[in-house]
Amino acid sequence: MRAELAVYFIAGTQDIVRGTLPGVLEEALKAGITCFQYREKGAGSLQTASERKEMALECQQLCTKYQVPFIINDDVALALEIGADGIHVGQNDEEIRQVIASCAGKMKIGLSVHSVSEAEEAERLGAVDYIGVGPIFPTISKADAESVSGTAILEEIRRAGIKLPIVGIGGINETNSAEVLTAGADGVSVISAITRSDDCYSVIKQLKNPGYPS
């Protein structure tokens, strides 16, 4: 799981400023993302279940083509219906124990955490496969984001002895990803670093290899 978190792309139709979500996703897959989370939330997102399912299936087919895990954000029913590779939920989404009861053994389970105590609880549950930690930096992509924690939270979680794979979340781009990895994350998640980029190939190369020339 740790390798799959290296460059973890998150997006829904609401995040796309040019082209279409499948088009942007395929470019990112070609460029080397290692995981994709379909997150359809907020202003500009698809509103009906049928629209979301159709888009999820199209994105899933692309991920299958490029052999990259396809994860759905906060929609257990859809994830189970289409056989997603994983489900990711936040602290205020579907209750994690219910998610585990429905999904454990069928797909990977990811949980967002914002403190050492939440990370410890995720590890105690025994069925969470990885945690998303953040927001590390200020973000424009999530209107409901928690307060910024900085990279210190990653160091604190690792010092607490938590062994779960970690992906850093929030405001991460090719200029600051090295700080996130150095602090203890196994990978970085990005939204706007890819969706708003004119050259996602260069961005993804730098995310995978901090120090790669821009």
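Cβ atoms here come from the backbone N, Cα and C positions, even for glycine.
Feature list (source: Swiss-Prot):
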| type | residues | note |
| --- | --- | --- |
| BINDING | Gln37, Tyr38, Arg39, Glu40, Lys41, Asn73, Ser112, Lys142 | 4-amino-2-methyl-5-(diphosphooxymethyl)pyrimidine binding site |
| BINDING | Asp74, Asp93 | Mg(2+) binding site |
For Asn73 (4-amino-2-methyl-5-(diphosphooxymethyl)pyrimidine binding site) and Asp93 (Mg(2+) binding site), the CA-to-CA distance in whole Å is 9
Glu40, Asp74: which of these binding-site residues has the highest Cβ count within 10 Å of its own Cβ? Glu40
Ser112 (4-amino-2-methyl-5-(diphosphooxymethyl)pyrimidine binding site) and Asp93 (Mg(2+) binding site), compared by Cα position, are separated in whole Å by 10
Spatial separation of Asp93 (Mg(2+) binding site) from Arg39 (4-amino-2-methyl-5-(diphosphooxymethyl)pyrimidine binding site) - C-alpha basis, Å: 12
Check each residue in the chain of Gln37 (4-amino-2-methyl-5-(diphosphooxymethyl)pyrimidine binding site) that is at least six apart in sequence and keep those whose C-beta is under 8 Å from its C-beta; list them in sequence order. Tyr8, Phe9, Ile10, Ala11, Ile71, Ile72, Asn73, Gly86, His88, Gly110, Ser189
Just to verify a number: CA distance, Lys41 (4-amino-2-methyl-5-(diphosphooxymethyl)pyrimidine binding site) to Asp93 (Mg(2+) binding site), in angstrom, no decimals. 12
Which chain-mates of Asp93 (Mg(2+) binding site) that are at least 6 residues away have a CB under 8 A from its CB, listed by sequence? Asp74
Counting only other Cβ atoms and using a 10 Å cut-off, which of the binding-site residues Arg39, Lys41 scores lowest? Lys41
Number of other Cβ atoms within 10 Å of the Cβ of Asn73 (4-amino-2-methyl-5-(diphosphooxymethyl)pyrimidine binding site) across all protein chains: 22
